[in-house]
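Enquirer: Once you've had a glance at the structure underneath, I'll fire off some questions.
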């Protein structure tokens, strides 16, 4: 009887202990699950805040990019305006060969004195182009890193220089050379100094225009291949500046030929040849620059409508389309 009582006691005791242990284990598991749920919720909140922060940063970068590209459009218009005085000068000089009016001589003299200030303005535009292109490239790199979820160390954020950047530096150097040569040749009355500077500048712009034309030709060929392969949607997004490139190449070629003829055939050249070639060349350049500016403007309008930041130009741009210049009074 005593043994049975002892067995019942111990059985009840161990059952109670097991129940308490199970209860404690369940409470511990419940507490662990609750802590994990809280950690998960906290991580989700942090992730959400991070995504919101990235979205705000992305939106801010897109707005900054759009602002920079609008400034580039304004620069294009200012740069275009620097070409007009020389075109007017060529038109007046051409008219002077057919008329002896004193007024034409006065207008021609006045326009001749505006060439140097407008060349200086063009130099300022070129320097701003260099600065603005670097800023655009930097913002595009930051935007690309956000979209790819990459974090780039500070020392690796430097943007590599492109061929277009070197063209812009060469452009600025040549325009500076033209300005200095013009001042020196006027002071020393040595026209050969200005002729050499203008010849180098004309040759440079011819090469730049040829490269721009070649790039646009390759771009149009690639677009045709993509269309044949069924990538119509992608191809439609690419705007061709082939017409503008041809006009720029024609204009720079005519002005280079004019410069060579003025140097080589100065004694036997008819007075109307120089102004005629200059006027025709500048008309081609102005027309090409207008087409490029309009194309750039349409791209900006598409960005504003879609709300998407896309790259305009060649890595910041093709020559003559956001990357570097092929226009300006220094070409004459």
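Don't overthink the numbers, they just go from 1 along the chain as shown.
Placement of Cβ uses the backbone N, Cα and C atoms for every residue, glycine included.
TrEMBL entries are annotated by machine, without manual review.
Keep in mind the model is a prediction, meaning the values are calculated, not measured.
Not my notes, these are from TrEMBL:
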type	residues	note
COILED	16-71	coiled coil
TRANSMEM	77-94	transmembrane segment
TRANSMEM	106-131	transmembrane segment
TRANSMEM	166-184	transmembrane segment
TRANSMEM	196-214	transmembrane segment
TRANSMEM	247-266	transmembrane segment
TRANSMEM	272-293	transmembrane segment
Enquirer: Ranking 77-94, 166-184, 247-266 by Cβ pairs under 8 Å to the transmembrane segment (196-214), which is first?
Expert: 247-266
Enquirer: Give the one range among 77-94, 166-184, 272-293 whose Cβ atoms make the most pairs under 8 Å with those of the transmembrane segment (247-266).
Expert: 272-293
